[in-house]
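A short write-up of the structure that comes next.
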């Protein structure tokens, strides 16, 4: 019976320690400077979501369900459309200027 109480006590202490650790982690993340939260990630670097990747056509790719890690890669115009709906930061969507389907090449004569 004492062994059961000791195990229950250790479980309670472990649970409380995890709660405190999670609270400290969330308060640390809230204290991160706003510039660091808004900074975008260049292609080839590790990411956690599409809105972190710089450029309107770049997105966060996680091959093999993230087993190899996730990184920003170049996408297409549909990535731009999706990011316009999901992402709130302007520095992610500002390069290159123009719409999602814009092209610098103009067709002449047709």
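Glycine is no exception: its Cβ is also placed from the backbone N, Cα and C atoms.
Annotated features in Swiss-Prot:
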- 1-17: signal peptide (SIGNAL)
- 40-54: disulfide bond (DISULFID)
- 47-60: disulfide bond (DISULFID)
- 51-87: disulfide bond (DISULFID)
- 53-72: disulfide bond (DISULFID)
- 62-70: disulfide bond (DISULFID)
Between residue 87 (disulfide bond) and residue 60 (disulfide bond): CA-CA distance (Å): 13
Distance [Cα-Cα, Å, rounded] between residue 87 (disulfide bond) and residue 53 (disulfide bond): 10
Distance from residue 62 (disulfide bond) back to residue 51 (disulfide bond), taken between C-alpha atoms, in Å: 14
The one of 51, 62, 70, 87 whose CB sees the fewest other CB atoms within 10 Å, among these disulfide-bonded residues: 62
Disulfide-bonded residues (54, 60, 72), the one with most neighbouring Cβ atoms at 10 Å: 72
Count of other CB atoms lying within 10 Å of the CB belonging to residue 47 (disulfide bond): 24
Helix, strand or coil at residue 47 (disulfide bond) [DSSP, three-state]: coil
Listed disulfide-bonded residues 40, 47, 53, 54, 72, filtered to Cα within 10 Å of residue 62 (disulfide bond): 47, 72
Residue, out of the disulfide-bonded residues 40, 53, whose Cβ gathers the largest set of other Cβ atoms within 10 Å: 53
Nearest of the disulfide-bonded residues (40, 47, 53, 54) to residue 70 (disulfide bond), judged by Cα-Cα distance: 47
Rounded to the nearest Å - Cα separation of residue 72 (disulfide bond) and residue 54 (disulfide bond): 8
Between residue 47 (disulfide bond) and residue 54 (disulfide bond), the C-alpha gap once rounded to whole angstrom: 11
